[in-house]
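Asks: Below you will find the structure I want to go over with you.
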Amino acid sequence: MASAAASEEAVKAAKVLMVGAGGIGCELLKTLALSGFSDIHIIDLDTIEVSNLNRQFLFRKTHVGQSKAHVARDAILKFRPNINIKSYHANVKDSEFNVDFFKQFNVVMNGLDNLDARRHVNRLCLAAEVPLVESGTTGFLGQVTVHVKGKTECYECQAKPVPKSYPVCTITSTPSKFVHCIVWAKDLLFAKLFGDKNQDNDLNVHSKDGSSSNSDVFKRDADEDLDQYARRIYDHVFGYNIEVALENEETWKNRKRPTPIYSREALPEEALKQNGTSGDCTKEHEEPSAMASLGLTNPQEIWTLADNSRVFVEAFKLFFQKREKEVGNLIFDKDDQLAVEFVSTAANIRAYSFGIPLHSLFEAKGVAGNIVHAVATTNAIIAGLIVIEAIKVLRGDYKNYRMTFCLEHPTRKMLLMPVDPFEPNKSCYVCSETPLLLDVNTKETKLREVIDKIIKSKLGMNLPLVMIGSTLVFEDGDGLEEDEAANYALNLDKVLAELPAPVINGTKLTVEDFQQELSCSINIKHREEFDEEKEPEGMVLSGWSAPVEKQVNSNGANKSAASSSSAHDSVEDISSKPGMKRKLDEISETKENCGASTSAQVVEDDDDLTMLDEDPKLKKKRSL
């Protein structure tokens, strides 16, 4: 009874922060309110979309377009009117949410959907010395972990899965999986036709016979109607470009040769005439849809080449007929029906050309939109586990902290697998300040490349400051004087060896992010040559936990190279065995270089799950 009373008092007195009001966040806010928490703050940048309504139960159709944080707050206050809930419709990375802001809370709970924001919150919690309860779900799988500075590992102590990357040559010339076709259709074709015209793009823009008066075949001729324009683009990307690729005989010695596809074959005049128009089946107040215009109703049906071609052409035309003002500024959005139709059918036509199995619109949308279909029950279970761990944190019950994994299949009749938290990683650059090593060609690499590809992308810093000895060579952020900003901008385009304080072999860089209150050192090792395929960035960062690539199968589900059909049956609860608490230095880390310049993210970042091998002697962690 005394223990229960202590827990109740700790809960009532606590001031807690929730980051994220989506799938996990809705369940978490409800559970916190019903568990007696009376001072809750919520941060979420997103607005409510129709696709959220099947699992984010605090929202209704009338809420679409409104702030998730504000609507969630109002929904809870209807049945818990006497508690304090403060909502922020904002980005947790905004400057107002600094270390001092985080210090006011007793515990922070994450319900985020991306790696970047999670790393940012982890660093602020470390700087503020506030415990963090982290979580994630993917379908039936889920996890909850506790991170307390100096007692357990931080969120970044271990490698996190990152989206699978693909070399540009694979995407543009030799696709072998459906996901390659999706990346081509989304990141190249859609971006070229409807996105920023000034953005670099690897598509061939030169026509076969100069039939277009433009040097760029993707530009519409002044006297060209939409049908002609659509067919010309179709013939160029699915016909002529394939013929150009076939000219390189060496490429196809050990590969199946693709088949060029032209509109006159895949889409005869009669079929094109059957195509609807924007006014046929699409009402003015409704979102334009090529499916609706053509009378197609089943997104789970695998369409023929002819049907894919018809939808492709119709979607193409609808963009110019109904959304012409947006053309030139569009970015692919999984909730944009017309964009999904265009990308899915373009990917299927390309897949047909390369002998890759076709996919339904529903399946293709899952791949293109990075969708792993959520399960509301998993979110509810994980939310309950978050609250349990938060209560332990508030009571200071360190010995009973647990990382808990929610499994899809029972292991020894258990669906929830608790294990002891791992100890801090002594080589973690975030919580232990261990120096990093960067192999780089100091005579050719510019400072801009190091900042963009290493400091911001790999190390996750938002507003970095770079020092060489006592010389400040770069600083990012507001409040800089004009002459300072101009000097730093000049430094960005200088090669490392030509900076005011030259960077050569053995130089030590000090990199800081004042917003995150994070500082780390990078030792430079000059290197002349790099493997273009394995080290495409021309730089190699070591001395940290390199990301583990998420493997992707053709239907968009994540699949680890280490996993198998019996993966869940091999999980063993070692936390309950005497002397079996796992130490971090007993864990072998997986290090993999991701080589590419085109990326496809086919699963959400909140799907970072860690499982334990059955044999404790192996002392390995495995990523699902």
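Each residue, glycine too, has its Cβ placed from N, Cα and C.
From TrEMBL, for reference:
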type	residues	note
DOMAIN	8-428	domain 'THIF-type NAD/FAD binding fold'
BINDING	20-25, Asp44, 52-55, Lys68, 113-118	ATP binding site
BINDING	Cys154, Cys157, Cys428, Cys431	Zn(2+) binding site
DOMAIN	439-530	domain 'Ubiquitin/SUMO-activating enzyme ubiquitin-like'
COMPBIAS	553-568	compositional bias 'Low complexity'
COMPBIAS	582-592	compositional bias 'Basic and acidic residues'
COMPBIAS	603-613	compositional bias 'Acidic residues'
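Could you tell me the structural context for the features on the list?
Replies: Taking a C-beta cut-off of under 8 Å and a sequence gap of six or more, Asn54 (ATP binding site) has these contacts in its own chain: Ala376.
A C-beta separation below 8 Å, combined with a sequence spacing of at least six in one chain, links Cys431 (Zn(2+) binding site) to Leu126, Lys149, Glu153, Cys154, Glu156, Cys157, Pro424, Asn425.
The domain 'Ubiquitin/SUMO-activating enzyme ubiquitin-like' (439-530): residue composition by secondary structure is 24 helix, 29 strand, 39 coil, according to DSSP.
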Asks: Please compute the mean pLDDT of the model over the domain 'Ubiquitin/SUMO-activating enzyme ubiquitin-like' (439-530).
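Replies: PLDDT averaged over the stretch: 89.
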Asks: Could you tell me which of these binding-site residues, Asp44, Asp113, Asp116, has the greatest number of Cβ atoms within 10 Å of its own Cβ?
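Replies: By the 10 Å Cβ neighbour count, Asp44 comes out on top.
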Asks: Within 10 angstroms of the C-beta of Gly20 (ATP binding site), what count of other C-beta atoms is obtained when all protein chains are considered?
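Replies: For Gly20 (ATP binding site), the count of other Cβ atoms within 10 Å is 29.
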Asks: Among all the protein chains here, how many other CB atoms are within 10 A of the CB of Cys154 (Zn(2+) binding site)?
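Replies: I get 23 for this one.
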Asks: Using the alpha carbons only, what distance in Å do you get between Asp116 (ATP binding site) and Cys428 (Zn(2+) binding site) once rounded?
Replies: 17
Asks: Which of these binding-site residues has the least crowded Cβ, counting other Cβ atoms within 10 Å: Cys157, Cys428?
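Replies: Taking Cys157, Cys428 as the binding-site residues, the minimal 10 Å Cβ count falls on Cys428.
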